[in-house]
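Annotated compositional bias 'Basic and acidic residues' per TrEMBL: 1-10, in sequence order. What TrEMBL lists as region 'Disordered' is 1-23. What TrEMBL records for 31-91 is domain 'HTH asnC-type'.
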Amino acid sequence: MDQVPNEHAEGGQPAARVEPLRRRRAQQAALDDLSKAIIEQLQQDGRRAYATIGKAVGLSEAAVRQRVQKLQESGVIQIVAVTDPLTVGFNREAMIGIRCEGDVEPVAEALTAMPEVSYVVATAGSFDLLVEVVAEDDDQLLETINKGIRAIPQVRSTESFVYLKLHKQTYTWGTR
């Protein structure tokens, strides 16, 4: 374990101002059973034809297209190509546990502005934030941690969990 206090706080970067996450809007959206069924179809195959989805859920192709557009615009869904970072030149991934002093929101906002950071979540427990970093190699990972994450003034300490082998990654958990 590499628990290291933040020694770079003095020259830290200001917290970046970013647009609020679409997830906040999505949490407020009420989903009916048809929208949930469409989401489940897209979780299985994001490229599934609207006509095929329509047959599965009992709607026309146009109705499915309209619902998918509304789900995207409201931030409920996002359709993207999911890659294995190793196959596209990113040879190092890590989850970084971060302990903060004071309000975690400015830290979270600054982290979301970093291109190497793919995931930021506030937590209850030993860490205030968990951050996933995707890097080309160990040098880039180290630079991201030392000159990026630890340079944020409110970061008190970090602990890195370097990924060795991915056993499961799924996006088909359905809706509830």
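Cβ coordinates come from backbone N, Cα and C, glycine included.
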Pull the DSSP breakdown for the domain 'HTH asnC-type' (31-91) and write it out as helix, strand, coil residue counts.
37 helix, 0 strand, 24 coil
Averaged over the domain 'HTH asnC-type' (31-91), what pLDDT does the prediction give?
93
